[in-house]
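Okay, so here's the structure we're looking at.
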Amino acid sequence: MLIQTQQLEKIVETSEGPLQILQPIDLAINAGETVAIVGASGSGKSTLLSLLAGLDIATHGDVLIENEKLSDLDEEQRAKLRADKVGFIFQSFLLVPSLSALENVMLPAELAGHKGAEKEARELLEKVGLADRWHHYPNQLSGGEQQRVAIARAFVGQPKILFADEPTGNLDSKTGDKVEQLLFDLNKDYGTTLVMVTHDTTLAKRCQRILNMEAGQLAEASRDVA
Amino acid sequence: MWHKISFRLLKQELKRGELTIMALAIILSVTAVLSLSLFSERLQSGLLERSSEFLAADRVLSSRRDIPQEWLDRADEEGIQSAWRVIFNSMAFANDKLELVDIKAVSDGYPLRGELKVADKPFVEGQVTNTLPPAGEAWVASSLFQALSLEMGDFIEVGNSRFKVTKVVTYEPDVGFSVFTDSPNVIIRYSQLAETGLIQPGSRVRYNVLFAGTPTQLDNYENWLLPQLNDDTHSWRSIEDGDSPLARALNRAERFMMLASLLGVVLAATAVAVAAQRYCQRNYDVVAIFKTLGAGKQQIRKIFVLHLLLLTGISVGIGILLGWLIQSYVINWVAEQLGASLPSASWRPYALAIATGLISAVMFTLYPLFRLISIPPLRVLHRQMVGVQAIRWLQWILSGGTIYGLLVLYSQQWWLSTALFVGGAFAAGILLLIGRLLIGAGRKAGMQAGSAWRLAMAGLQRRASANSVQMLSFSTAIMLLLLVIVMRNDLLADWQRQLPADAPNYFALNIAEEKVDDLRAMFAREDIEATDQYPLIPGRVTHHNGTELIDEVTKENREEVERGDREEGFGRELSLTWRDTVPPNNEIVSGEWWGDNAEPQVSVEKQAAERLEIKVGDTLTFNIGGEVFTVPVTSLREADWGSLQPNFYMIFNTSTLADFPATYITSFHLDSERKDELYQLFRPFPEASLIDLDAIIDQIREVISQVSIAILFVLVLVMIAGALVLIAQVQASMEERQKELVILRTLGASGKLLSRSISYEFLMLGAISGLIATIAMDLSLLILQTQVFNMDATWHWRLWLVGPISGAVVVALLGRLACSRLVRRNTAQLIRKLI
């Protein structure tokens, strides 16, 4: 079991009292699986993603990654875990604006202290079809190109898990399709476990499993329903 | 690895111009501090050197008794030059005539600063000489030729000695301004003093030793000497002591430079503070991305601390280079203008500039950096998330402490720094409050206006908190700028008023009463502008409210003074005069001028009155030539001692003094090209003594022109600092506005409407800031003029219009320029930039 949650809950304080964003969730994801979490806006899917990735802390319950409890780790250790095992793709790309495409791709490997980051980054940029644009800055690239850089960055250092938050949400459908294809191709090549939040049902259907989030409750959805 | 990332970020951000404002702010603070302190240090030591000529030395030790030779030997050991100057009054005889003269016995080396000029005939331009009269010879002032009907080569008798007159002294650097106490000078050698037999126990002699050396040598010597001096007999002076117009001009200039530089430092530091805040805010997303990608807090701290230190280091380096270039260029220019070289500066300005750059960059970034490092990784999903906000007071303490620290570091004056800081903090609080109130009022007015105005006012109101902080820095920048400009103008105007082009350059004394009309006629005929002719009667003040005044407080009579049986008086004979009207440049500060009242009475000059604690209604007893009488004091006057006009401690109404025999004094202006005529013009007035002030006036003008250039330079630097604060602040606020612009643009607002609403918003911000700045400026000026510069307080009504208008225009222009790029971009670009 690569990712596991035990009675995972998230409650936030609001001016009108506590608000339960996630009802207790038990979930298990195996290595190599591709999982889509679908649901309406505000249903809590991004919150779940942030808890799974150790970006946020659960109110109750636990997340285990390779049997390691995230609640036992402090912020530094969680960061280390992300550096070693996790890659990210975001709807808004989240590239560092002052770094070139190549430097953005190298970044996770460098932060993790890996040697040969540049070589690996160049190879990945070639795989996403941006070999000739490595020196461009994010604002010199189109949305699709930026997301391709983000995909390359996500795979650098060969993480075991890839978290994707609406990876095509900001792209037109044609570009979205291309990026989608690229993501799944690379995922297959690298054998990465993919956990993706989306409300694009077509995209969700390309995953092996679809989980439906509704008002903080997670349920396994049939592929037809999704 | 982290340092690679740090280097890379810095390199790319520098290349892309994202760090420009932060770098510029640091560069400017370093450049400003370095060039200002280098410039003022060099100029000041240049000025001091130049003005030391007025003392003929850097320091003068004066004593009523002989000065121990070992004190001079000690100076010699320190490497300090020294020379004797002994001055006393005596009668000089020649051609069966008798005249009271000032004998000046000087030793080799005199004058240690400045030059002595001599000529072969009286009343002509002299030539510089490096020698002194040989034994048996005397050099005498032009006026003595007149008084004793001397010809070159005649002998004058002084005491037991006879001296051959071989040169006319046309200029002595240390002649001073005291017109009444100085009789014509006779210069002889110090080694011949004893032979004259004139120095007896009890003689009124001023023993002076002149000293010249480097500041360090003089400081060392001062530390050794001062504890041994006796306040009653010794006085230790530099050019900055005393009440001469020059000393006052210098002191004022120095205070102005210090104050303006301090304001410049505060402005530059404010620019750094604004830029630092923005520098960190810009990196919030980057830190969130880094953390998401697995960077630990430690790693992030290292990356950004190194990034900041590198940026600071580079900026400080550039700042030092620029500062050095600017000041060397300016110094060369100034030196060229003045035909003089200026001494080189010490290491202190460099240390000060580097410290200012480092301290302001590090201290102002500390709190924003702390927040930056605490940005949670979750921000990648929730953009509104920011770091720890709880300890905002820490930021205020850090920023306040830094500014205060810089003030103290720069001025090395606790009281001035504390006063400026406390006053500034208080003003800042009030500014914040007024700003908010005005914004609130503006919102109500805006509701009734057109759409662009409505948007602008709504924007102002919505960002009230951010805006009032912004307004604080706008107001501060505008206020400091106005302050420096006005102070400069007032200072220059004040000097110019004292020394107009036609300022009197000669004093004529000793004019017989029956010749006054002839003299007046001569001035009219020759088209010479002269002041009124004042009668002059020597007399002593003997009693104050019946208590006897003594000339000198000695060991013997100190007890009596302490008991109040006797009071210390003027210590010398005074020149008394009478008049019907208040003299020009005099102002009654207490009591009333007599007008037609013929009752005997006297008007006393304010400073003299303060020294002797004389008030209106007190009585003073005078002794004129043996005749003793007592009169009440009916007014106190403030006299302008800077003006080159006859001024008097005591003025009587005509009926009190008119019967005493008097000689007359006047001052007049004669163009220097007409100097040759002087001898002829005064031939009919052989008894008159002339005192030539031209050389001194020229020297004062020269010093003042140096100071004016310095002040202009300071002004330019302060203006650049002020502009940078404005730009940094507008830039910072632009980022806050982006999101709003996108929304309005998406909703279909036209570019015209948006740029108008932004311009109006900044226009309002600028106008309010300008208004607040003007009020604050006029109040500060009031305090500065009266407390620091000893000038009269003036209101600057014109600025009440100029302040708000120029504030509005400049801030609106800057705002419009900064936003024009944003407005020009299409919505898609803007959206992409934001998300």
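For all residues, glycine too, the Cβ spot is worked out from N, Cα and C.
The feature domain 'ABC3 transporter permease C-terminal' is assigned by TrEMBL to B:259-377, B:713-826. What TrEMBL lists as transmembrane segment is B:21-40, B:256-276, B:303-330, B:350-370, B:391-410, B:416-439, B:469-487, B:707-728, B:762-783, B:795-815.
Sequence-distant residue pairs (6 or more apart) of the transmembrane segment (B:256-276) and the transmembrane segment (B:795-815) include fewer than 3 whose Cβ atoms are under 8 Å, leaving the two stretches without contact. Scored on C-beta pairs under 8 angstroms, the neighbour of the transmembrane segment (B:21-40) with the top count among B:416-439, B:707-728, B:762-783 is B:707-728.
Panel annotation: around the transmembrane segment (B:469-487), residues 256, 259-260, 263, 266-267, 270, 274, 428, 431-432, 435, 439, 714-715, 718-719, 721-723, 725-726, 729, 732-733, 765-766, 768-770, 772-774, 776-777, 780-781, 784, 789, 796, 799, 803, 806-807, 811 of the same chain, lying at least six beyond its termini, place a Cβ under 8 Å from a Cβ of the stretch. Mapped onto DSSP helix, strand and coil, the domain 'ABC3 transporter permease C-terminal' (B:259-377) counts 102 helix, 0 strand, 17 coil.
Applying DSSP to the domain 'ABC3 transporter permease C-terminal' (B:713-826) sorts its residues as follows: 100 helix, 0 strand, 14 coil.
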